[in-house]
Amino acid sequence: MDPSSLLQYLITGLTLGSTYGLTALGFTIIFNTTGVINFAQGEFVMLGGMMSVYFMHSRGFSEPAAVVLAVLGATMAGALVERLAIRPVRDCPTINLIIITIGVSIFIRGLAMLLWGKDTHVLEPFSGNQPIMFLGAAIMPQAIWVLVISLFLLGALKMFFSGTIHGKAMLACSFDSKAASLVGIGVQRMVLLSFMISALVGAVGGVILAPITMTSYDVGIMLGLKGFAACILGGLGNPFGAAAGGVILGVLESFGAGFVSSAYKDALAFVILLILLFVKPSGLFGLKDSKRV
Amino acid sequence: MNAAKCVIALVAFLLTCVPAFAADAIKIGAILSVTGPASFLGEPEKNTLIMLQDQLNAAGGVNGQQVEVIVYDDESDVNKCVMAAKKLLDQDQVAVVIGPSISGNTLAISKFFSSAEVPLVSCAAAEKIVRPVDPWVFNTPQLDRHAVTRILQDAKAKGYSRLAILTVSDGYGQAGRGVLKELIPAQGFELAADEVYGPKDTDMTAQLTKIKGAGADAIICWGTNPGPAVVARNRVQLGLTVPLYMSHGVASNKFIELAGDAAEGLILPAGRLVAVEQVPADHPQKAVLEAYVEGYTKTYGTQISSFGGYAHDAFALVMEAIAKGGSAKSADIRDNLEKISGFAGTSGVYTYSPENHNGLDESAFIMVTIENGAWKALN
């Protein structure tokens with residue numbers, strides 16, 4: 001195995017992994033505020049990509065404008081989901097809310113199919129299609145965009161949760177929503193905010209991915225699943241862990257395809273995930289005691 | 001008599017009328033994957049059948065009888081397909097069924113048709129559908145074997161000896177992989193690498209890097225959109241210059257749109273439908289191809305896909321069998337389908353026989369390349 005192939009697998013893995021990590025981040029944000037795992041997270045990613053394509057190709061906006069509109073649109077969709085599907089049933093047990101998010105994901109997917117059709121679409125890369133050669137391995141400019149924006153989002157979220165009063169208020173809601181409301185936190189507002197932020201993060205992911213992976217109404221299913229796996233791998237509730245989990249999953253898949261067999265790459269990544277969960281059920285970076293009271 | 005009684009009487013009257021009226025039309029069932037993952041097959045197929053039904057009925061029907069096509073959507077799901085098949089056979093009592101769109105679904109329901117003694121003309125390509133021959137089951141698409149044969153003829157002419165294959169892990173890709181793994185050594189080539197990708201995968205650089213390391217003369221990729229478009233893009237992104245063959249599964253303009261510049265120079269076998277204007281005027285398929293393209297684009301305002309052509313041919317062959325035998329009974333349709341010879345459809349020239357229920361050979365394919373974003377037929 002020559003070193004340039006090795007490097008190529010690593011780069012492929014990092015790019016793939018960032019996509020999983022970005023989806024995983026969205027899971028973490030909502031989980032941190034509500035304790036709910038939002039299975040419509042993959043759909044937010046899809047909305048980011050599909051809306052960019054729609055605004056750019058059907059409405060004639062320039063790429064930057066289309067991207068901004070798409071991210072705003074998806075954020076609005078996140079707010080709508082919270083208002084219409086989660087808030088009316090907020091007193092139900094968490095498991096009911098999780099099942100509702102599955103319903104929401106099917107609904108959004110169906111709506112996207114009816115609005116934009118069943119075809120796959122491409123979005124132009126932000127800065128050209130010419131690969132950068134590095135020690136015999138090819139790096140796409142878009143992959144650098146993905147890595148940089150992912151890191152930036154991760155840093156911003158970290159600061160938001162540990163450094164701002166809103167972020168801390170959101171964390172407080174997930175620990176004990178009753179106590180949080182007693183000290184004067186608007187719990188419902190925080191839940192709304194968490195859905196909007198996670199939709200925003202998901203949509204940004206969808207937009208920067210679309211030039212690499214292409215997009216269609218149903219890309220959210222697989223991304224959602226892989227993102228969820230990344231979340232579990234890194235430890236639920238820890239944004240850093242989620243992103244790291246995504247990258248690890250992506251690199252495992254890529255090396256699995258390169259060294260073992262491309263037919264078993266998904267299986268290989270999930271087998272390692274299972275083994276890890278047997279050994280350390282709280283995930284790589286999860287807290288030892290998952291009950292945070 | 002008050003108003004309510006009037007209405008009831010009217011409804012009762014209408015109910016007795018409807019079956020008598022409908023009995024005149026020949027009932028043809030269709031099970032297609034109009035929605036779901038295989039909708040790129042089922043949607044143009046459904047559009048095609050509805051268009052052909054309307055055209056035929058407007059022209060007076062077949063043998064003076066109108067035709068009624070009953071389309072069920074199996075949502076690309078095998079259970080829904082089985083239910084639709086039972087409904088068509090038991091409840092709608094159709095004379096013949098067209099479809100399903102995908103091979104797995106066809107194989108799941110074909111046994112019902114043998115026992116019900118109703119012919120099934122499938123729009124799916126798997127070889128297992130027609131080999132060994134089931135007396136009641138036919139299909140219209142070109143077989144994978146014909147496509148692979150054409151690719152290997154081209155590879156041989158160019159002097160390649162080590163071939164790598166990259167196939168999708170769904171039914172289509174694995175059927176192709178089976179034929180490739182059988183024919184590549186049989187034709188004297190060496191299989192340099194055998195890689196697989198998932199239908200929803202978005203990055204194939206790992207597989208292509210491995211193929212690059214294996215030192216292949218050419219790569220054959222077997223899949224349907226969007227996977228092969230990703231393969232084409234990744235190949236350019238990695239700076240690979242190894243020639244890339246695609247399968248006929250991507251022979252639609254959508255592929256060129258998805259792959260963009262990366263599609264330039266790729267070679268694949270395709271039905272003549274992708275390059276109608278380049279088909280010579282004296283070719284037997286020319287007239288039927290032009291009529292289909294013109295009718296479809298006029299009726300639906302969208303571009304044709306070669307998948308709709310499979311349904312076109314299934315419908316045309318069934319009508320030919322009904323007209324030939326002068327009978328729309330299931331058993332007569334079956335017998336007369338087997339007697340069809342030299343019948344030009346959109347996918348090729350069909351000659352059915354009791355031993356051959358596919359009716360096509362490798363001449364149904366032409367080799368095409370993509371030049372300046374358009375299909376170009378190779379000689």
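Backbone N, Cα and C atoms are what each Cβ position is placed from, and that goes for glycine too.
Record features (TrEMBL):
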- A:6-29: transmembrane segment (TRANSMEM)
- A:61-81: transmembrane segment (TRANSMEM)
- A:93-112: transmembrane segment (TRANSMEM)
- A:132-157: transmembrane segment (TRANSMEM)
- A:193-215: transmembrane segment (TRANSMEM)
- A:227-252: transmembrane segment (TRANSMEM)
- A:267-287: transmembrane segment (TRANSMEM)
* Structure fact -> Across A:6-29, A:193-215, A:227-252, the most C-beta pairs under 8 Å with the transmembrane segment (A:61-81) come from A:193-215
* Structure fact -> Top stretch by Cβ pairs under 8 Å to the transmembrane segment (A:267-287) (candidates A:6-29, A:93-112, A:132-157, A:193-215, A:227-252) is A:227-252
* Sequence-remote partners of the transmembrane segment (A:193-215) [C-beta within less than 8 Å, at least six residues beyond its ends] -> 15, 19, 22-23, 25-27, 29-30, 32-34, 38, 41-42, 44-53, 67, 70-71, 73-75, 77-79, 81-82, 86, 120-126, 140, 142-143, 145-146, 149-150, 153, 157, 160, 166, 170
* Asked: Which residues of the same chain, at least 6 past either end of the transmembrane segment (A:132-157), have a Cβ under 8 Å from a Cβ in it?
  -> 2-5, 7-8, 11, 14-15, 18-19, 21-22, 25, 29, 125-126, 197, 201, 204-205, 208-209, 211-212, 239-240, 243
* Structure fact -> Counting only residues at least 6 beyond its ends, the same-chain positions whose CB falls under 8 A of a CB in the transmembrane segment (A:93-112) are 34-40, 42-43, 46-47, 50, 77, 81, 85-86, 217-218, 220-221, 224
